[in-house]
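*Asks:* Below: one structure in C-alpha coordinates.
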Ligand code: TTP
Ligand code: MG
(Lines of atoms letter the chains of each structure in order from A and count residues from 1; the text may use other names and numbers.)
(Lines give C-alpha, C1' and ligand atoms only; values in the text may rest on other atoms or scores of the structure.)
(Ligands and ions follow the chains in the order given, each with its own letter.)
Protein backbone atom coordinates (compact mmCIF):
# COMPACT_ATOMS: atom_id res chain seq x y z
CA UNK A 1 0.00 0.00 0.00
CA UNK A 2 3.05 2.25 0.30
CA UNK A 3 2.83 3.52 -3.26
CA UNK A 4 -0.93 3.62 -3.48
CA UNK A 5 -2.36 6.75 -5.11
CA UNK A 6 -6.13 7.18 -4.98
CA UNK A 7 -8.20 9.83 -6.75
CA UNK A 8 -11.77 10.83 -5.95
CA UNK A 9 -13.78 12.64 -8.60
CA UNK A 10 -17.07 14.41 -7.91
CA UNK A 11 -19.00 16.39 -10.52
CA UNK A 12 -19.79 20.00 -9.55
CA UNK A 13 -23.48 20.78 -8.81
CA UNK A 14 -24.20 17.86 -11.13
CA UNK A 15 -27.92 18.06 -12.05
CA UNK A 16 -27.81 21.87 -12.20
CA UNK A 17 -24.66 21.84 -14.35
CA UNK A 18 -26.30 19.45 -16.83
CA UNK A 19 -29.30 21.80 -17.08
CA UNK A 20 -27.06 24.84 -17.60
CA UNK A 21 -25.01 23.00 -20.20
CA UNK A 22 -28.20 22.13 -22.09
CA UNK A 23 -29.51 25.71 -21.86
CA UNK A 24 -26.55 28.12 -21.88
CA UNK A 25 -28.89 31.08 -21.28
CA UNK A 26 -28.92 29.89 -17.65
CA UNK A 27 -25.16 30.45 -17.26
CA UNK A 28 -24.34 32.62 -14.26
CA UNK A 29 -27.88 32.47 -12.87
CA UNK A 30 -29.02 30.81 -9.64
CA UNK A 31 -30.44 27.50 -10.88
CA UNK A 32 -32.36 25.15 -8.60
CA UNK A 33 -33.20 21.56 -9.56
CA UNK A 34 -35.97 20.15 -7.38
CA UNK A 35 -39.70 19.99 -6.89
CA UNK A 36 -42.09 22.69 -8.11
CA UNK A 37 -41.86 25.75 -5.78
CA UNK A 38 -45.45 26.81 -6.66
CA UNK A 39 -44.63 30.40 -5.71
CA UNK A 40 -43.61 29.37 -2.21
CA UNK A 41 -46.44 26.91 -1.58
CA UNK A 42 -44.70 23.88 -3.11
CA UNK A 43 -43.78 20.78 -1.15
CA UNK A 44 -40.63 18.71 -1.58
CA UNK A 45 -36.99 19.66 -1.55
CA UNK A 46 -34.02 20.89 -3.59
CA UNK A 47 -32.12 18.07 -5.34
CA UNK A 48 -29.22 20.41 -6.01
CA UNK A 49 -28.51 23.97 -7.07
CA UNK A 50 -25.84 25.92 -8.91
CA UNK A 51 -23.05 27.60 -6.94
CA UNK A 52 -24.69 30.97 -7.73
CA UNK A 53 -27.81 29.74 -5.87
CA UNK A 54 -25.67 28.48 -2.97
CA UNK A 55 -24.62 32.08 -2.33
CA UNK A 56 -28.21 32.72 -1.21
CA UNK A 57 -27.92 29.88 1.33
CA UNK A 58 -29.67 27.29 -0.85
CA UNK A 59 -28.50 23.66 -0.67
CA UNK A 60 -29.55 20.05 -1.41
CA UNK A 61 -32.33 18.81 0.86
CA UNK A 62 -33.67 22.30 1.71
CA UNK A 63 -37.48 22.60 1.49
CA UNK A 64 -38.33 24.16 -1.85
CA UNK A 65 -40.68 26.64 -0.10
CA UNK A 66 -37.72 27.97 1.92
CA UNK A 67 -35.61 28.19 -1.25
CA UNK A 68 -38.34 30.33 -2.81
CA UNK A 69 -38.29 32.70 0.16
CA UNK A 70 -34.52 33.08 0.01
CA UNK A 71 -34.22 33.31 -3.77
CA UNK A 72 -37.52 33.76 -5.66
CA UNK A 73 -35.75 34.95 -8.82
CA UNK A 74 -33.80 31.66 -9.22
CA UNK A 75 -34.61 29.44 -12.21
CA UNK A 76 -36.49 26.40 -10.85
CA UNK A 77 -36.24 23.18 -12.89
CA UNK A 78 -37.82 19.74 -12.29
CA UNK A 79 -35.32 16.87 -12.32
CA UNK A 80 -35.37 14.58 -15.35
CA UNK A 81 -34.10 11.13 -16.31
CA UNK A 82 -31.21 12.47 -18.37
CA UNK A 83 -28.69 12.68 -15.51
CA UNK A 84 -28.17 8.92 -15.37
CA UNK A 85 -27.40 8.88 -19.09
CA UNK A 86 -24.81 11.63 -18.63
CA UNK A 87 -23.46 9.76 -15.60
CA UNK A 88 -23.02 6.52 -17.60
CA UNK A 89 -21.11 8.45 -20.28
CA UNK A 90 -18.84 10.10 -17.70
CA UNK A 91 -18.05 6.75 -16.09
CA UNK A 92 -17.31 5.32 -19.53
CA UNK A 93 -14.83 8.14 -20.19
CA UNK A 94 -13.17 7.64 -16.79
CA UNK A 95 -12.77 3.96 -17.56
CA UNK A 96 -10.34 4.87 -20.35
CA UNK A 97 -8.01 6.68 -17.97
CA UNK A 98 -7.83 4.25 -15.09
CA UNK A 99 -7.38 0.53 -14.68
CA UNK A 100 -9.64 0.38 -11.66
CA UNK A 101 -12.72 2.50 -10.99
CA UNK A 102 -15.29 2.32 -8.22
CA UNK A 103 -18.43 4.30 -8.90
CA UNK A 104 -20.04 5.28 -5.59
CA UNK A 105 -22.91 7.54 -6.67
CA UNK A 106 -24.42 9.07 -9.78
CA UNK A 107 -21.67 11.69 -9.98
CA UNK A 108 -18.67 10.37 -8.05
CA UNK A 109 -16.07 7.66 -8.35
CA UNK A 110 -12.80 6.56 -6.85
CA UNK A 111 -10.00 5.93 -9.35
CA UNK A 112 -6.84 3.97 -8.64
CA UNK A 113 -3.93 6.07 -9.94
CA UNK A 114 -1.18 3.91 -8.37
CA UNK A 115 0.10 2.99 -11.84
CA UNK A 116 1.05 6.67 -12.36
CA UNK A 117 4.02 5.99 -10.11
CA UNK A 118 4.27 9.56 -8.76
CA UNK A 119 2.01 12.35 -7.52
CA UNK A 120 3.23 14.61 -10.33
CA UNK A 121 2.06 12.08 -12.92
CA UNK A 122 -1.20 11.56 -11.05
CA UNK A 123 -1.80 15.31 -11.02
CA UNK A 124 -1.18 15.44 -14.75
CA UNK A 125 -3.68 12.63 -15.38
CA UNK A 126 -6.30 14.32 -13.22
CA UNK A 127 -5.77 17.59 -15.05
CA UNK A 128 -6.23 15.77 -18.36
CA UNK A 129 -9.43 14.03 -17.18
CA UNK A 130 -10.87 17.38 -16.10
CA UNK A 131 -10.08 18.78 -19.55
CA UNK A 132 -11.66 15.81 -21.35
CA UNK A 133 -14.87 15.99 -19.27
CA UNK A 134 -15.10 19.73 -19.88
CA UNK A 135 -14.53 19.39 -23.62
CA UNK A 136 -16.59 16.26 -24.28
CA UNK A 137 -19.40 16.65 -21.75
CA UNK A 138 -19.30 20.39 -21.05
CA UNK A 139 -19.14 19.74 -17.31
CA UNK A 140 -16.69 20.55 -14.54
CA UNK A 141 -15.65 18.34 -11.66
CA UNK A 142 -13.43 18.41 -8.62
CA UNK A 143 -10.71 15.84 -8.04
CA UNK A 144 -8.78 14.97 -4.91
CA UNK A 145 -5.63 12.84 -4.93
CA UNK A 146 -4.19 11.25 -1.81
CA UNK A 147 -2.63 8.05 -0.42
CA UNK A 148 -6.00 6.57 0.71
CA UNK A 149 -9.68 6.80 -0.26
CA UNK A 150 -10.80 8.81 2.78
CA UNK A 151 -8.19 11.53 2.15
CA UNK A 152 -8.92 11.55 -1.60
CA UNK A 153 -12.60 12.23 -0.84
CA UNK A 154 -11.72 14.90 1.70
CA UNK A 155 -9.32 16.47 -0.84
CA UNK A 156 -11.89 16.58 -3.67
CA UNK A 157 -14.18 18.63 -1.43
CA UNK A 158 -11.57 21.16 -0.28
CA UNK A 159 -11.59 23.36 -3.38
CA UNK A 160 -15.00 22.86 -4.99
CA UNK A 161 -16.04 23.77 -7.65
CA UNK A 162 -13.53 22.93 -10.40
CA UNK A 163 -10.83 22.02 -7.88
CA UNK A 164 -7.78 19.77 -8.11
CA UNK A 165 -6.31 19.11 -4.68
CA UNK A 166 -3.31 16.91 -3.99
CA UNK A 167 -2.51 15.62 -0.51
CA UNK A 168 0.92 13.96 -0.63
CA UNK A 169 1.96 11.46 2.03
CA UNK A 170 4.68 13.77 3.38
CA UNK A 171 2.27 16.61 4.16
CA UNK A 172 -0.87 14.54 4.90
CA UNK A 173 -0.75 14.84 8.70
CA UNK A 174 -0.01 18.56 8.58
CA UNK A 175 -2.89 19.27 6.18
CA UNK A 176 -5.53 17.24 7.98
CA UNK A 177 -4.66 18.08 11.60
CA UNK A 178 -6.35 21.49 11.46
CA UNK A 179 -9.41 20.38 9.43
CA UNK A 180 -12.74 20.29 11.25
CA UNK A 181 -14.20 16.81 11.79
CA UNK A 182 -17.28 17.46 9.62
CA UNK A 183 -14.87 16.95 6.69
CA UNK A 184 -14.72 13.22 7.54
CA UNK A 185 -17.04 11.40 5.11
CA UNK A 186 -20.11 10.27 7.03
CA UNK A 187 -19.97 12.87 9.81
CA UNK A 188 -23.01 15.03 9.26
CA UNK A 189 -24.30 18.15 10.99
CA UNK A 190 -25.75 16.33 14.00
CA UNK A 191 -22.61 14.27 14.74
CA UNK A 192 -20.49 17.38 14.24
CA UNK A 193 -22.54 19.33 16.79
CA UNK A 194 -22.23 16.45 19.26
CA UNK A 195 -18.47 16.23 18.72
CA UNK A 196 -18.09 19.99 19.15
CA UNK A 197 -19.96 19.80 22.46
CA UNK A 198 -17.35 17.22 23.57
CA UNK A 199 -14.51 19.54 22.45
CA UNK A 200 -13.65 17.26 19.52
CA UNK A 201 -13.74 19.82 16.71
CA UNK A 202 -10.62 19.06 14.68
CA UNK A 203 -8.87 16.00 13.28
CA UNK A 204 -6.12 16.65 15.85
CA UNK A 205 -8.69 16.53 18.69
CA UNK A 206 -10.02 13.19 17.41
CA UNK A 207 -6.53 11.77 16.89
CA UNK A 208 -5.62 12.56 20.49
CA UNK A 209 -8.97 11.54 22.03
CA UNK A 210 -9.39 8.63 24.41
CA UNK A 211 -10.55 5.62 22.32
CA UNK A 212 -13.16 4.71 24.95
CA UNK A 213 -14.79 8.11 24.55
CA UNK A 214 -14.82 7.60 20.77
CA UNK A 215 -16.35 4.15 21.22
CA UNK A 216 -19.21 5.74 23.20
CA UNK A 217 -19.84 8.11 20.30
CA UNK A 218 -19.03 6.01 17.22
CA UNK A 219 -19.45 2.44 18.48
CA UNK A 220 -17.77 -0.06 16.14
CA UNK A 221 -16.50 2.79 13.91
CA UNK A 222 -14.33 4.39 16.61
CA UNK A 223 -11.02 2.82 15.54
CA UNK A 224 -11.58 3.64 11.87
CA UNK A 225 -12.55 7.24 12.64
CA UNK A 226 -9.45 7.68 14.79
CA UNK A 227 -7.27 6.10 12.07
CA UNK A 228 -8.61 8.58 9.53
CA UNK A 229 -8.17 11.52 11.91
CA UNK A 230 -4.60 10.44 12.71
CA UNK A 231 -3.53 10.15 9.06
CA UNK A 232 -3.18 6.36 9.36
CA UNK A 233 -5.95 5.26 6.99
CA UNK A 234 -4.63 3.14 4.11
CA UNK A 235 -7.89 1.98 2.49
CA UNK A 236 -7.98 1.78 -1.28
CA UNK A 237 -10.74 0.90 -3.74
CA UNK A 238 -13.22 -1.80 -2.86
CA UNK A 239 -13.08 -4.82 -5.10
CA UNK A 240 -16.62 -4.85 -6.42
CA UNK A 241 -16.42 -8.01 -8.53
CA UNK A 242 -18.75 -8.39 -11.49
CA UNK A 243 -22.25 -7.20 -10.66
CA UNK A 244 -25.14 -9.62 -11.06
CA UNK A 245 -27.63 -6.90 -11.84
CA UNK A 246 -27.83 -3.19 -12.64
CA UNK A 247 -30.78 -0.89 -12.10
CA UNK A 248 -31.90 2.69 -12.60
CA UNK A 249 -35.00 4.44 -11.33
CA UNK A 250 -36.58 7.87 -11.48
CA UNK A 251 -38.83 9.51 -8.92
CA UNK A 252 -41.21 11.97 -10.56
CA UNK A 253 -41.25 15.47 -9.10
CA UNK A 254 -45.03 15.02 -8.90
CA UNK A 255 -46.96 11.75 -9.10
CA UNK A 256 -48.01 11.35 -12.71
CA UNK A 257 -50.64 9.63 -14.83
CA UNK A 258 -49.18 10.95 -18.08
CA UNK A 259 -48.46 7.91 -20.29
CA UNK A 260 -46.07 9.93 -22.50
CA UNK A 261 -43.98 11.04 -19.52
CA UNK A 262 -43.90 7.50 -18.19
CA UNK A 263 -42.99 6.14 -21.61
CA UNK A 264 -40.17 8.63 -22.28
CA UNK A 265 -38.80 8.19 -18.76
CA UNK A 266 -38.79 4.43 -19.30
CA UNK A 267 -36.88 4.93 -22.56
CA UNK A 268 -34.31 7.19 -20.80
CA UNK A 269 -33.79 4.56 -18.10
CA UNK A 270 -33.41 1.81 -20.73
CA UNK A 271 -30.88 3.91 -22.67
CA UNK A 272 -28.86 4.60 -19.54
CA UNK A 273 -28.84 0.90 -18.59
CA UNK A 274 -27.96 -0.10 -22.13
CA UNK A 275 -24.94 2.26 -22.04
CA UNK A 276 -23.89 0.64 -18.76
CA UNK A 277 -24.29 -2.88 -20.24
CA UNK A 278 -22.02 -1.96 -23.13
CA UNK A 279 -19.52 -0.31 -20.79
CA UNK A 280 -19.14 -3.44 -18.66
CA UNK A 281 -19.30 -5.77 -21.69
CA UNK A 282 -22.32 -7.71 -20.45
CA UNK A 283 -25.62 -9.03 -21.72
CA UNK A 284 -28.80 -9.40 -19.72
CA UNK A 285 -31.02 -12.44 -19.35
CA UNK A 286 -33.83 -10.76 -17.42
CA UNK A 287 -35.54 -7.37 -17.63
CA UNK A 288 -37.50 -6.23 -14.60
CA UNK A 289 -39.53 -3.12 -13.84
CA UNK A 290 -40.50 -1.45 -10.61
CA UNK A 291 -43.46 0.85 -10.26
CA UNK A 292 -44.38 2.78 -7.14
CA UNK A 293 -47.69 4.50 -6.63
CA UNK A 294 -48.69 7.29 -4.27
CA UNK A 295 -48.28 5.96 -0.73
CA UNK A 296 -45.22 3.82 -1.46
CA UNK A 297 -47.11 0.76 -2.72
CA UNK A 298 -44.52 -0.83 -5.01
CA UNK A 299 -44.86 -3.57 -7.64
CA UNK A 300 -42.14 -5.40 -9.49
CA UNK A 301 -42.47 -7.59 -12.57
CA UNK A 302 -39.81 -9.27 -14.64
CA UNK A 303 -39.46 -11.28 -17.81
CA UNK A 304 -36.72 -13.61 -19.04
CA UNK A 305 -35.46 -12.94 -22.55
CA UNK A 306 -35.13 -15.81 -25.01
CA UNK A 307 -31.33 -15.35 -24.89
CA UNK A 308 -28.78 -13.12 -23.14
CA UNK A 309 -29.16 -9.83 -25.00
CA UNK A 310 -27.54 -6.39 -25.13
CA UNK A 311 -29.91 -4.90 -27.65
CA UNK A 312 -31.51 -1.59 -26.65
CA UNK A 313 -34.73 -2.31 -28.58
CA UNK A 314 -35.17 -5.66 -26.77
CA UNK A 315 -34.75 -4.01 -23.36
CA UNK A 316 -37.18 -1.21 -24.22
CA UNK A 317 -39.73 -3.62 -25.64
CA UNK A 318 -39.63 -5.84 -22.54
CA UNK A 319 -39.85 -2.86 -20.17
CA UNK A 320 -42.80 -1.32 -22.04
CA UNK A 321 -44.79 -4.55 -22.14
CA UNK A 322 -44.20 -5.10 -18.41
CA UNK A 323 -45.49 -1.60 -17.66
CA UNK A 324 -48.51 -2.16 -19.92
CA UNK A 325 -49.23 -5.38 -18.03
CA UNK A 326 -49.21 -3.93 -14.57
CA UNK A 327 -49.99 -0.20 -14.76
CA UNK A 328 -53.67 0.49 -14.38
CA UNK A 329 -53.47 4.25 -14.80
CA UNK A 330 -53.04 5.12 -11.12
CA UNK A 331 -50.72 8.06 -10.26
CA UNK A 332 -47.11 6.90 -10.42
CA UNK A 333 -44.42 8.20 -8.08
CA UNK A 334 -41.45 6.18 -9.30
CA UNK A 335 -40.52 3.84 -12.11
CA UNK A 336 -37.38 1.80 -12.50
CA UNK A 337 -35.79 -0.89 -14.64
CA UNK A 338 -33.43 -3.60 -13.45
CA UNK A 339 -31.39 -5.92 -15.67
CA UNK A 340 -30.39 -9.14 -13.93
CA UNK A 341 -28.71 -12.44 -14.65
CA UNK A 342 -25.88 -10.52 -16.33
CA UNK A 343 -23.55 -12.53 -18.53
CA UNK A 344 -20.09 -11.05 -19.06
CA UNK A 345 -17.98 -11.48 -22.13
CA UNK A 346 -14.45 -10.55 -23.01
CA UNK A 347 -14.36 -7.26 -24.97
CA UNK A 348 -11.90 -8.80 -27.46
CA UNK A 349 -14.28 -11.68 -28.00
CA UNK A 350 -17.06 -9.19 -28.55
CA UNK A 351 -15.11 -7.53 -31.35
CA UNK A 352 -14.52 -10.92 -33.00
CA UNK A 353 -18.19 -11.81 -32.64
CA UNK A 354 -19.13 -8.56 -34.28
CA UNK A 355 -16.53 -9.14 -36.97
CA UNK A 356 -17.81 -12.59 -37.92
CA UNK A 357 -21.52 -11.94 -37.53
P1 LIG B 1 -23.64 15.75 -4.85
O2 LIG B 1 -22.35 15.38 -5.51
O3 LIG B 1 -23.74 15.58 -3.37
O4 LIG B 1 -23.95 17.28 -5.11
P5 LIG B 1 -23.72 18.15 -6.43
O6 LIG B 1 -22.95 17.40 -7.48
O7 LIG B 1 -25.02 18.70 -6.89
O8 LIG B 1 -22.86 19.36 -5.89
P9 LIG B 1 -21.33 19.36 -5.45
O10 LIG B 1 -20.64 20.35 -6.36
O11 LIG B 1 -21.34 19.83 -4.03
O12 LIG B 1 -20.79 17.97 -5.59
O13 LIG B 1 -24.84 14.98 -5.50
C14 LIG B 1 -24.88 14.63 -6.87
C15 LIG B 1 -26.28 14.75 -7.41
O16 LIG B 1 -27.16 13.91 -6.67
C17 LIG B 1 -26.85 16.16 -7.30
O18 LIG B 1 -26.51 16.99 -8.40
C19 LIG B 1 -28.33 15.89 -7.22
C20 LIG B 1 -28.44 14.54 -6.54
N21 LIG B 1 -28.81 14.72 -5.12
C22 LIG B 1 -30.16 14.69 -4.78
O23 LIG B 1 -31.02 14.46 -5.64
N24 LIG B 1 -30.51 14.90 -3.47
C25 LIG B 1 -29.59 15.17 -2.49
O26 LIG B 1 -29.96 15.39 -1.31
C27 LIG B 1 -28.20 15.21 -2.85
C28 LIG B 1 -27.14 15.51 -1.82
C29 LIG B 1 -27.86 14.98 -4.19
MG1 MG C 1 -21.22 16.35 -7.00
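Any Cβ shown, glycine's included, is placed from N, Cα and C.
Just so you know, TrEMBL annotations never went through curation; they're auto-generated.
The domain 'UmuC' feature in TrEMBL is assigned to 6-188. According to TrEMBL, the Mg(2+) binding site annotation covers 10, 107. Taken from TrEMBL, the feature site 'Substrate discrimination' covers 15. Annotation source TrEMBL lists active site at 108.
I'd like to know what surrounds each of these features in this structure.
*Replies:* A sphere of 10 angstroms centred on the C-beta of residue 10 (Mg(2+) binding site) encloses 20 other C-beta atoms.
DSSP classifies residue 15 (site 'Substrate discrimination') as helix under the three-state reduction.
Reduced to three states, the DSSP call for residue 108 (active site) is strand.
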*Asks:* Please state whether DSSP places residue 10 (Mg(2+) binding site) in a helix, a strand or coil.
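*Replies:* Note: residue 10 (Mg(2+) binding site) is in a strand by DSSP.
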*Asks:* Which Cβ among the recorded positions (107, 108) has the fewest C-beta neighbours inside 10 Å?
*Replies:* 108
*Asks:* Kindly state the mean pLDDT of the domain 'UmuC' (6-188) in the predicted structure.
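*Replies:* Across the domain 'UmuC' (6-188), the average pLDDT comes out at 94.
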*Asks:* Measuring Cα to Cα, how far is residue 107 (Mg(2+) binding site) from residue 15 (site 'Substrate discrimination') in Å?
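*Replies:* About 9 Å separates the two Cα atoms.
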